[in-house]
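Listed in TrEMBL:
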{"type": "TRANSMEM", "residues": "7-27", "note": "transmembrane segment"}
{"type": "DOMAIN", "residues": "11-299", "note": "domain 'Sugar phosphate transporter'"}
{"type": "TRANSMEM", "residues": "39-64", "note": "transmembrane segment"}
{"type": "TRANSMEM", "residues": "76-97", "note": "transmembrane segment"}
{"type": "TRANSMEM", "residues": "103-123", "note": "transmembrane segment"}
{"type": "TRANSMEM", "residues": "130-147", "note": "transmembrane segment"}
{"type": "TRANSMEM", "residues": "153-170", "note": "transmembrane segment"}
{"type": "TRANSMEM", "residues": "191-209", "note": "transmembrane segment"}
{"type": "TRANSMEM", "residues": "229-249", "note": "transmembrane segment"}
{"type": "TRANSMEM", "residues": "256-277", "note": "transmembrane segment"}
{"type": "TRANSMEM", "residues": "283-300", "note": "transmembrane segment"}
Amino acid sequence: MSSKKDAVFITSLVILWYSTNIGVLLLNKFLLSNYGFSFPIFLTMCHMSACAVLSYISIIFLNLVPLQRLKSRSQFLRIATLSIVFCASVVGGNISLKYLPVSFNQAVGATTPFFTALFAYLMTRKREAWATYTCLVPVVAGVVIASGGEPSFHLYGFIMCISATAARAFKSVLQGVLLSSEGEKLNSMNLMLYMAPIAVAVLIPAALVMEPDVLGLVVTLGKEHKFMWTFLFVNSTMAYGANLCNFLVTKHTSALTLQVLGNAKGAVAVVISILIFRNPVTLIGIAGYTMTVMGVIAYGESKRRLK
């Protein structure tokens, strides 16, 4: 009976994880493309503000996880560095959604393992087996093919998407380097508690400088579209929910299960986005994305077998 309850709990958790992650992605696209809400930096600031407030409530008041206190100024500076890189990845991803369909955005995002392997080698000289590196060939080749077959291809959006993907991979490698000592490791919930306020402090001046009159324009749009504030609130809350669900799924499943579910999540997001936004797709684009996903799966399997 207990195992049945566990199965139901984990299944519900995975569904919630999919819903929040895909929901944030689709709402980002909806806000940035449909409402004339062309403020990706301000949108990221809203996400980080929600993460800061809800992380504090979850850890300090609800005690979802024990509070891990910072132990030194150098640890704070390392977390601040991670926060800035994380900001760059999220902002870049949101800017790309303004110009690219979600399906192509996800295809490019699937190349994260390639950049992770590259940065791991450049920063730590960590080498993988040649078989593992070989699996990255279809990952990159698939995106090249998908780019050639993408009817809505936009160069600036593509550059932002690649930059966001590279920054996301850089952040994961940097996190392993900067927080490698046992005494300074933080779980993802506590890391978000400290990173989110720093991100907000960085994004507020960035939004005011790079998106002039953003506050006035957002208020005007809110008056024209009565549901915009609701979408923005739900979207920002979901951004925190996605981080919380990612932590819980990681905690309650194996690394392999998480990897398989993550690969499937990207495919589900692509299908749902095509159904909702009706963006045109080609057989070449589908073939390229499929090649990339298969390469990612082979890469993960190769790493697992060689451990």
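Glycine too: its Cβ is placed from the backbone N, Cα and C atoms.
Counting same-chain residues at least six beyond the ends of the transmembrane segment (153-170), those with a Cβ under 8 angstroms from any Cβ of the stretch are 85-86, 88-93, 95-96, 98-100, 104-105, 108-109, 111-116, 118-119, 147. Note: the stretches the transmembrane segment (76-97) and the transmembrane segment (191-209) are in contact (3+ CB pairs below 8 A, sequence gap of 6 or more). Between the transmembrane segment (103-123) and the stretches 191-209, 229-249, 256-277, 283-300, the greatest number of Cβ pairs separated by less than 8 Å involves 283-300. Counting residues 6+ beyond its ends, the transmembrane segment (7-27) has Cβ neighbours under 8 Å at 47, 97, 102, 105-106, 231, 234-235, 238-239, 241-242, 245-246, 248-249, 252-253, 261, 265, 268-269, 272-273, 276 in the same chain. In this model, the domain 'Sugar phosphate transporter' (11-299) carries an average pLDDT of 89.
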